[in-house]
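Copied over from TrEMBL:
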- CYS2: active site, nucleophile (ACT_SITE)
- LYS603: active site, for Fru-6P isomerization activity (ACT_SITE)
- 2-217: domain 'Glutamine amidotransferase type-2' (DOMAIN)
- 276-423: domain 'SIS' (DOMAIN)
- 456-598: domain 'SIS' (DOMAIN)
Amino acid sequence: MCGIIGILGKQDVAAQLVDALKRLEYRGYDSAGVATVQNGALGRRRAEGKLRNLEARLGERPLPGATGIGHTRWATHGRPNESNAHPHATARLAVVHNGIIENFRELRAELEADGAAFESDTDTEVVVRLVDRELTRGKLPGEAVAAVLPRLRGAFALAFLFAGYDDLLIGARHGAPLAVGHGDGEMFLGSDALALAPFTDDILYLDEGDWVELDRQGAIIHDAGGFPVTRARQKIQPGAFLADKGNHRHFMAKEIHEQPEVVGRTIAHYVDMAALRVAFADPFPFDFKSLSRLTICACGTAYLAGYVARYWFEKLARLPVDIDVASEFRYREVPMTPGGLALFISQSGETADTLASLRYAKREGQHVLSVVNVATSTIARESDTTAATLAGPEIGVASTKAFTCQLAVLLALAVAAGRARGVLSADEERRIVEAMIGVPSLMTEALKREVDIEHLSRELAKASDVLYLGRGTSFPLALEGALKLKETSYIHAEGYAAGELKHGPIALVDEHMPVVVLAPPGELMEKTVSNIQEVAARGGRIILVGDARAAHEAALDTFATIEMPDVDPIVAPLVYALPVQLLAYHAAVFMGKDVDQPRNLAKSVTVE
Ligand code: F6R
């Protein structure tokens with residue numbers, strides 16, 4: 001994901017900007033750039049490829065100025081070349097950006113109709129030109145940014161530099177993190193504390209929707225409503241930078257909140273935003289078209305991501321799927337037709353059972369495709385083809401952001417399979433890709449329900465048993481909800497297919513039993529609502545996770561509702577995963593459990 005740095009310094013800052021960008025290299029990038037302002041005039045240097053190319057540019061043509069912004073870019077919209085590299089600029093301002101501006105097409109069309117001539121293929125340039133237009137209309141920099149931010153949809157962080165203002169930087173956070181660093185007569189902006197580590201240990205994190213005006217004396221922060229606010233400053237411990245929790249008490253909370261950003265990044269990696277098509281960098285060395293079935297295998301949460309994907313592969317590609325947990329698969333002596341495709345999913349890439357199953361599949365003549373988060377892991381190395389999840393390091397033992405990133409990659413794969421097998425039309429593919437691009441902002445929206453969810457989690461914390469119900473892709477998500485609650489709070493929880501309830505588990509239901517029902521929109525929503533009525537009739541306390549329509553239909557039978565934004569049913573599991581994770585997280589926090597390192601669990605299970 002892109003890296004952002006901004007410095008209001010005491011001397012020329014170009015070299016410091018590049019040094020800070022080096023600390024953000026771990027995020028991955030394919031071009032870089034810096035801009036400064038000196039005596040009111042903006043200057044900019046950019047280069048494709050590694051930071052040493054940018055350093056060479058700066059060597060040839062130094063860039064003076066004690067105020068500047070810098071960026072490492074991971075291409076999403078447009079090729080990774082110099083003209084798409086950040087900062088993007090007009091004569092009046094320069095901008096660096098992390099994340100995606102989802103509505104950039106319509107904004108670009110509006111600006112072009114207004115006479116703007118775009119110089120890049122990026123979504124970022126619409127921000128530059130919108131703010132420029134406000135400045136032309138006579139607004140001051142802060143007013144111009146405040147006028148433009150509400151027009152931008154998506155999950156992003158931004159930093160702005162203005163011609164004529166040597167003592168001003170503006171930053172904005174909407175779904176992607178941004179930290180402010182306080183120095184001695186200097187101020188800093190950065191994607192994370194790691195970028196700011198050489199300069200200061202006195203950090204504050206902007207909250208969702210905040211934007212900030214910095215000068216060398218300090219920071220004025222405005223919340224999403226435009227009201228001035230203060231945010232707590234914290235001292236970052238030396239050495240703590242690699243394991244930085246940001247504003248959060250636990251890594252699990254941080255990782256839940258990172259999802260709009262990392263899922264956005266993962267989606268951007270696998271779709272062509274302009275053509276609205278799924279796009280994998282290399283052609284697959286196998287042919288989805290000739291497959292008679294797909295075998296999916298993984299453990300725990302990764303297995304449940306595969307279980308969701310089974311519905312996608314079957315529906316979107318008419319590809320039959322065999323799925324199993326790796327600890328069973330490896331010993332089942334599954335007969336496999338040589339030339340088939342076996343798909344393994346793993347965050348760590350080191351899970352012993354998954355690895356053993358992978359080796360079995362290879363011996364059976366399968367092509368091995370893996371979805372992994374750690375690119376250097378054994379599973380990645382032993383696979384024929386790897387599709388990476390770009391979740392970044394996941395530290396909380398309970399998997400959260402890796403799960404939704406796995407879902408993102410798996411959906412892209414299912415769409416690719418659907419196209420190759422002639423099942424999905426170009427129009428259907430476009431609709432699904434549009435829905436995928438909308439996921440990060442829907443996730444941001446879902447995270448806004450956190451206060452209500454925290455409140456409801458206390459209901460769960462009081463219970464000794466909890467049921468999770470769902471149909472279709474919400475069934476494996478119900479299993480995931482139960483798994484998350486079990487492992488973080490140690491409350492007994494079960495996930496069930498909602499239609500299976502009356503075949504046994506309904507006997508458990510009484511007035512002490514919270515029942516979390518996942519009912520996203522789609523053809524099965526009404527059937528799930530009928531199951532809600534069956535539970536309510538037996539006194540069960542229904543916590544509904546659904547949109548306004550589901551809430552309306554089930555109103556008489558629910559104890560509480562977590563009202564979700566409108567989603568396209570195909571991407572619902574990515575968005576509905578968030579309230580499920582937050583319920584487990586807050587129940588565990590409320591109960592005083594060790595959320596990041598639950599008892600008996602390890603992050604990477606390298607033994608059988
Ligand atoms: C649950 C969880 C585990 C892992 C499982 C597989 O929150 O994290 O169930 O999903 O141990 O691990 P990986 O994905 O590393 O193979």
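In case you wondered, yes, glycine gets a Cβ from its N, Cα and C as well.
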Average pLDDT across the domain 'Glutamine amidotransferase type-2' (2-217), rounded to a whole number: 92
Number of other Cβ atoms within 10 Å of the Cβ of the residue listed as 'active site, nucleophile' across all protein chains: 27
For the residue listed as 'active site, nucleophile', the three-state class that DSSP assigns: coil
Tally of residues which DSSP labels helix, strand or coil - the domain 'SIS' (456-598): 77 helix, 28 strand, 38 coil
